[in-house]
């Protein structure tokens with residue numbers, strides 16, 4: 001038979017680009033030349049993006065060495081043994097497709113629907129895709145396996161212990177419940193329930209385990225006079241479920257958080273005017289020792305000024321390590337181009353700092369006088385505390401209100417900014433500047449929501465916590481600062497340009513995920529008490545705490561419908577590969593962190609307030625809803641394994657016969 005003249009590699013590659021991936025694999029078995037072309041890196045990059053319909057600006061997963069490994073994970077090359085194993089896995093892959101929820105139908109999930117029903121001709125393809133499908137299909141916790149109905153009102157928050165053996169739930173029935181996840185039958189059962197009504201709480205709203213899972217922080221709303229916004233934090237021992245301490249927390253949506261195993265952070269709020277306030281963040285010891293009369297159990301961390309009716313809310317601590325592991329998320333081209341244009345134009349990010357001087361004591365109001373809830377400043381007192389130039393400017397502004405149309409709010413805002421410039425502690429060195437100990441120093445950040453334009457939270461504030469601030473030992477109530485330094489500056493501010501309704505950290509604390517409802521593009525806020533309308537679509541932003549900037553385009557799929565003044569927090573959670581969030585559209589959502597694609601929707605009968613991945617098994621997910629239930633979701637793979645009956649013990653066969661024979665021979669030799 002005459003030999004066929006070989007085609008150029010470039011022409012073969014061009015032909016392969018127009019073939020489906022299974023046809024490319026079949027063609028690669030024809031000859032050595034086609035086999036080499038079928039392994040081309042550029043070819044598999046194109047096939048990967050076209051098959052999964054992923055935007056081409058998304059880079060490959062960082063754990064993959066080549067694009068071909070996106071299909072052929074840990075496969076060294078086609079062989080008959082691989083084909084035989086693929087035949088065994090074909091059924092598993094087809095069953096996996098059948099477990100996809102029928103509710104996943106939107107434009108973002110179009111690329112991850114079940115493949116075509118046409119039969120796959122080559123078993124090798126199934127082997128290659130099995131491992132990829134296992135992560136994108138078979139390992140998503142989208143199968144409802146249990147519904148917990150022990151709560152009698154809306155369930156607001158869920159939190160796993162660090163070992164994953166317990167989780168807690170908070171509800172408007174004013175209880176905090178503890179659940180066991182390690183039962184032999186795989187089900188989840190209630191372990192303990194504590195009611196907080198005896199402490200005059202309205203409801204419980206948030207909980208968090210400390211680092212060694214020995215203590216539980218529970219945050220709730222305190223029923224005070226005149227519709228008070230105060231909250232309270234309780235610390236419960238998980239050894240005997242006794243209450244160890246209670247800490248004031250104002251406003252209640254500060255929530256509170258653990259700084260380390262024995263210290264927690266709470267907040268307090270002091271109004272200085274109609275639109276101006278002071279937020280104080282406190283470090284509290286979780287329990288009082290016998291020597292507590294001589295040892296500090298509380299210490300002020302930071303004192304920060306708020307303007308335009310904004311306050312600090314939703315505090316959390318990020319322990320940012322050296323980030324030696326590969327980046328899970330990489331910049332999109334759009335962000336890179338925008339950043340390059342910003343650098344070419346000479347623009348540089350400057351933190352937004354607004355500061356206000358006031359008395360150093362938490363309770364004292366100094367020389368200020370209050371009438372009808374309003375602050376009145378004495379010009380003579382201002383002259384003593386500030387430079388003559390500042391006092392003259394303030395006198396001019398106060399006198400000018402009679403001759404101009406400036407409102408009281410505008411005057412208060414301008415006075416606050418002018419006073420703050422001279423009564424604020426200098427900011428710490430920039431967070432991105434290498435320290436004296438080098439680039440690899442671990443850092444601890446305090447993260448919180450705040451604002452500068454209106455009362456709705458639209459900014460992420462970042463303040464670094466130094467090692468000497470992580471204990472209540474040392475000076476109390478800011479004794480270490482001078483009399484002129486009343487307030488702390490923010491180290492960094494990230495503006496989200498929308499109402500923030502949720503935050504969550506990745507397991508390594510490298511990335512911060514933020515739920516927000518965007519403002520209209522180009523909107524101008526003229527009245528702090530009238531923020532712009534917010535979108536129904538929820539944007540899920542991703543912020544890199546290493547570079548302190550947003551790194552990805554927003555994830556979208558979930559929706560919310562409440563207006564600005566009724567907006568509430570929706571808790572999200574992040575696992576190694578996935579991110580999940582609740583929504584007001586009666587669904588929970590799961591996205592792939594790297595490919596930025598929505599994978600599943602989780603059905604409830606009302607608003608989904610919170611979701612939580614098990615920290616030890618991301619194929620277990622919980623969701624809490626206003627329908628008073630907690631739903632337990634597991635992956636199709638785990639459900640399938642749970643249904644497989646246990647295998648009977650294998651008989652040892654020949655080996656056991658040889659052992660018996662040797663034993664008998666030994667007995668015969670021992671006899672006389």
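Here the Cβ of each residue, glycine as well, is placed from N, Cα and C on the backbone.
Nobody curates TrEMBL annotations by hand; they come from automatic prediction.
Record features, source TrEMBL:
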COMPBIAS  360-369  compositional bias 'Acidic residues'
DOMAIN    1-47  domain 'F-box'
REGION    335-369  region 'Disordered'
REPEAT    148-182  repeat 'WD'
REPEAT    601-633  repeat 'WD'
Practice prompt. On the DSSP side of things, how many residues of the repeat 'WD' (148-182) fall into helix, strand and coil, could you say?
Written response: 0 helix, 19 strand, 16 coil
Discussion item. Please report, as numbers and ranges, the same-chain residues at least 6 past the borders of the repeat 'WD' (601-633) whose CB is under 8 Å from any CB of it.
Written reply: 101, 103-104, 139-149, 151-164, 167, 169, 171, 181, 188, 507, 557, 568-578, 580-584, 586-590
Practice prompt. May I have the DSSP-based helix, strand and coil counts for the residues of the repeat 'WD' (601-633)?
Written response: 0 helix, 23 strand, 10 coil
